[in-house]
């Protein structure tokens, strides 16, 4: 069938050229319109349920909100993990779905289950869905600078009511989250003594304010043939409006106003997040959260354009600074890989021209490269794959192999033209030469494509990372295979003409033959020794293999850093602010740092479940050329780490995108995490401390920080039910006073044009800032008396959970383990052994090793199943091509030979085994098989020609046939290898964003191609000789018998 396609393509060459031109134009259009990002979106399909339960402790939030929600969400179809977080006043529930689940379908199903569970939640508590964004949605952050003219409250109002909604309207933006500053709040601080004097309960104050803040409509009135709309204006617009709200009259009929019983001021609302800029002090900022599936580069560009428009409307003296810009990384990554593609094209072009010494023939081979890339972009565009370092990386590692088929076909055409001497029609020569090697080459390219099947089987984060690479490499190779049997023969007919240098006069060919010929003579003389040496080399390879460590993925250098230490739980806002400013100031002092944007606690978004004890400082670095001589990223991190050493602060250094992905997929921000699961928080906390003590001395542990599951501070009011009943009260009456008088309660919101601000009622600070004052808080009774709170409740200070975490409705405590100088796989192996030996777990408690190790283990299990299946498929394809079991087996022998160079090269470069390295070895398997196929095709062609011509009569003839098939055709074999191998060298030299991952993919391919080629050129001829010797010996015996019979007949 393939021979027919080749012949029809040549016979209908005009149509083939037209179709190729159409594909090229389509490819150029789609390439220019393809969305661009730095890396694929590695986040899980997730839906976030965010619930505010103001003023409530984490235990209350867990019992009344988070637990009912998590248990209900466990039944949502395709939900694989339901993770709950209960903070002070906030509940987050993250539903992680199976890969491939449509996000908007998932959101609709979660809404269905929310309707079912809503009646089990406290009155007034309304869960909402978080934005339709993912873990990598934080694409741009900015800071407002008001100088000395504007305070933090005014800047926050500008952010909330001017910038935020305008930026939310930008296409591609899901949400704009505010961080830092103060939200303006009207604070009504009541005096309990005055309330007692006027006999007014605090509930009446709340109700009066609520009923004095509203505008109403009174339908329509007609006056003098004119229609008027009726309004009753009653919105609170100032402090005076609140002060003049009436609470009733005294016995003399004099009105009692709020100002008579309370002090009304404007102050900051309770906050759980602080922003800081360059160590200079608090700041106000905003976070642009990109919508799922949008084009990051385009979205950031539109946001910047919108900000430029909005700057014109900012008050004088207010400026906006960029704190974090993902487009820098995107542009650097794409530019870096695009340049690598250009370098590869030039290198492959140079190799092709040097080997063929015929420019027009080289053009035919090189034509397949841009065409194959354009075909890839067309399919990428329609499949919705972004152009990123992984999708472009797939094309990059395919470039060398894409020209293989064309090179061999052109070289074969050269050979046929040289032999023919102008006797046959030129197009007939092209057809015959293409048909001779085309089908085998098509199958070899198909094998390279099929060899990537294991990558498609990867799941979760590793699947999302490498599938774009696998898709684009597959499309590029499939495009090259299609071009090899369609347009390449046509172009060969037009361009492989004129004076072509015979192979025996080509200096490159003569050099290669001169070098290779004595080697192959020695190999054929000492066949078993050759095979034995190859076997020994293969066995020796197990030595470095045992010394190579393992990790999930090499670090992706994003160009920016994220400093993410953890403080002790229970830290106050004031202390947190102090630590944040001190650490930011130290980091900013390093000459390599451009600016720092620090955050402690959470931004106002459901995508940020950060407690007040968590610091996140985004560090934007200067260009490398501005760094101190000899400074590297690792050295810089070490210097910063040494400079920031505070008691109670556990340092962690990572990168912005990586951290967001890890936090939202496993919840663990460090390379290794341990999740302890069980019912009792105190036991979980104790186990965490015990495990931390055990593993802190394990080799490679940089730091270990256990969650203090009961490290928060609580004022507990244990209500005395009998005493409450004696005064005619209920538990709810007492709790109402606790919530409003002590904690404060937002009772309404003012409407000031487009702005909305809360009105809060509570006791003055001096009446609630110590235990004795709290005990004297008065509770009104139905009879008009007011009873001190200490009569109705036992008040005590206790330790409790600052945050409660759960996974699939089981409570968890986490340990964060940071590593240095060791790979993840080896570390977990050692640590797990020690924990199993030294820690006893009570019944109902268990641990899970998480973080990068969780991904690595999952990927290994999957590849252990799929790789052997793929090898079987490759063998079947080989058998389908050769129609011979032995020949297929001989080609498969090139795979272990490829492992030799791949493993030794990794060992010399000090690379760990990782999913990226695994992808490199998978790619190597197909390339090694192709090398074996090309060698065997040439050996078979010569052997079959001699058999057909009757010149295969003795072992000497077999020897000569192998010499001819191996030596005389060494040029095309080495050309295919050199274009592939040298084409990958620019990747090995590469630096910059994404280079760490691509180097790990390219390293085993380059090393493996070297060993595979050397061993294939030497070992396969020896094996082929041993295999065919039986056939030739039998043929020789048969010929001798025929000769004897002929002699007998003549006699």
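Here the Cβ of each residue, glycine as well, is placed from N, Cα and C on the backbone.
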Of the residue ranges 326-345, 506-525, 526-545, the one that TrEMBL records as transmembrane segment:
526-545
Quick one: do the transmembrane segment (915-939) and the transmembrane segment (389-410) have at least 3 Cβ pairs under 8 Å, skipping pairs fewer than 6 apart in sequence?
yes
Are the transmembrane segment (364-383) and the transmembrane segment (1001-1027) close enough that 3 or more Cβ pairs fall under 8 Å, when only pairs 6 or more apart in sequence count?
no
So what's near the transmembrane segment (865-882) in sequence-distant terms, Cβ-Cβ under 8 Å and 6+ beyond its ends?
439-440, 443, 446-447, 450-451, 453-454, 457, 888-889, 891-892, 895, 922, 925-926, 929, 933, 936, 940
In the same chain, who gets a Cβ under 8 Å from the transmembrane segment (889-909) while lying at least 6 residues past its ends?
534, 537-538, 541, 544-545, 547-548, 871, 874-875, 878, 882, 917, 920-921, 924-925, 927-929, 931-933, 936, 1003-1012, 1015-1016, 1019-1020, 1023-1024, 1027
Please figure out which one of 364-383, 476-496, 526-545 racks up the most CB pairs under 8 Å against the transmembrane segment (389-410).
476-496
Determine which residues of the chain contact the transmembrane segment (476-496) at the Cβ level, with the cut-off under 8 Å and only residues 6 or more beyond its ends counted.
2, 5-6, 9-10, 13, 16-17, 20, 358, 360-361, 363-364, 367-368, 371-373, 375-376, 394-395, 398-399, 401-406, 409-410, 413-414, 417, 426-427, 430-431, 434, 438, 441-442, 445-446, 448-449
